[in-house]
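Per TrEMBL, the features are:
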{"type": "COMPBIAS", "residues": "9-20", "note": "compositional bias 'Pro residues'"}
{"type": "COMPBIAS", "residues": "143-152", "note": "compositional bias 'Basic residues'"}
{"type": "DOMAIN", "residues": "18-87", "note": "domain 'H15'"}
{"type": "REGION", "residues": "1-22", "note": "region 'Disordered'"}
{"type": "REGION", "residues": "78-176", "note": "region 'Disordered'"}
Amino acid sequence: MATENSDNPPAPPPPAPSLPQYPEMIMAAIEALNDSNGSNKSAIATYIESTYGDLPPAHATLLAHHLNKMKQSGELVLVKNNYMKPDPNAPPKRGRGRPPKPKVPLPPGTVVSPPRPRGRPPKPRDPFSPQPEPKSPSGTGRPRGRPPKKAKTATGAPRGRGRPPKVKPAVAPVGC
């Protein structure tokens, strides 16, 4: 049995040489490659590998993840499989579908009414008519809808497959 003192926790592993964050490395690679058509994923990966030597084993996965994340957030633009910085003068890219109507700001002090209920409005009730009696259950005593399936009960021999054979009537013996 090993006697370990719980007061002294194990020493933390030595800190790895600090790498910049992936978005910073990607932006530096795109700026350094300085291609007018943008840089593809493999060119960015080789530049990062040559500049920063000690990369994690999951470098390719991390690079792909951060490239997709930067593309979704608008930090990078993907044109013909090449990543480039977005043009600052270009209008922002619209999403799919019809754009929402612009909301007009309401003047202060306006009370917002709740939205109209969905569906067909109820018929107006005549205040002078007598109250209808609540409907009693129908006289048959059967619930609405299709009845539930009956549980199988094993009675006798199980039936075979297909159509049953024709039953031949018993013939009375002909006697003289």
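Including glycine, each Cβ sits where the backbone N, Cα and C put it.
Counting only same-chain residues 6+ beyond the ends of the compositional bias 'Basic residues' (143-152), none has a CB under 8 A from a CB of the stretch.
According to DSSP, the compositional bias 'Basic residues' (143-152) comprises 0 helix, 0 strand, 10 coil.
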